[in-house]
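Enquirer: Quick one: the structure is below, questions incoming.
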Amino acid sequence: MTNLVLLLLVIVLWGTVYAVNGLPGAYAWFVLKFAVPLLGLAYILICTVLLLIRFRKKKSRSRGWTGLGVGTVLCLHLLLMMNVIPLAYPARIQSTSPAITVSWPFAGKATVGWGGDAVNDNSPHAVWPSERWAYDLLMEPYGTGSSNPEDYGIWNQEVLSPVAGTVIAAYDAEPDIQPGSEEILSMEGNHVYIQIEETGTYLLLNHLKQGSVQVKTGDTVKPGDVLGRVGNSGSTSEPHLHIHHQRQNPLTVLHPVLAEGLPLYFEGTNADPMPIKGTVVTPDFKLKEQN
């Protein structure tokens, strides 16, 4: 009976992810990535002990072997947990709404470190429901390996509001860390969160510089308003701007990944609306200046 219940649990969870999506899908995905593999390890241990007991008592061991098989099925989700199999959260961009098209968050060109719909172009983000269509933006030079944040082109660059909306969170008290450091104090670091006027959904901008945020909670912003400067706070390997769009208020979710990510596009640039990894994006007004 236990074996059947566990198998049905896994089937229901996968069914929720693929057929329901939304917030239930996000929770189901979290359980599949973290709870199911740990449950599998515990179940294999229990079944192994029971098999040894049955072996010593010379009793039938068929149930024990079946339990080991079920435990193995559950443990296969370790590949999902550790991203050995980089499987994108299975939300279809064509049927996920509302999507939002926003302005470029810089006055100059930047490179997409991670971004887009495909997991190969956006592997750190696409595996999470909340960050399904998130971007990490960089500026030359980047990827230098230097421990000095000032050696990175995006460090201290102004971040502009991409949308019209209301600031629901503005935080800049967290110290910036050295690039490559593992002394991470939070996932998001210093940040500005905006409730978008057009859709009522939320735009999150993370990893800002300590003491640089120029807005406060309750402020109304429009595209082009200065929000702050890029830093190296939070869970980050080097200075960059993380930006993503989600349905739920980030201040009320139980965990940052337990939200439904929504498509995010950019307008007024030389690139595709959803630029992928490696794309150098230049805002149109900058191109006109160069010409």
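Any Cβ shown, glycine's included, is placed from N, Cα and C.
Unlike curated entries, TrEMBL annotations are predicted automatically.
The following feature annotations were taken from TrEMBL:
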DOMAIN    156-247  domain 'M23ase beta-sheet core'
TRANSMEM  29-53  transmembrane segment
TRANSMEM  65-89  transmembrane segment
Enquirer: Using DSSP, break the domain 'M23ase beta-sheet core' (156-247) down into helix, strand and coil residues and give each count.
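Expert: Summed over the domain 'M23ase beta-sheet core' (156-247), the classes give 0 helix, 37 strand, 55 coil.
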Enquirer: Excluding the flanking five residues on each side, which residues at least 6 beyond the ends of the transmembrane segment (65-89) place their CB within less than 8 Å of a CB in that stretch?
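Expert: Distal contacts: 2-3, 6-7, 10, 17, 25-26, 29, 32-34, 36-37, 39-41, 43-44, 46-48, 50-51, 118-120, 122-123, 126-129, 132, 261.
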Enquirer: What average pLDDT is reported by the model for the domain 'M23ase beta-sheet core' (156-247)?
Expert: 98
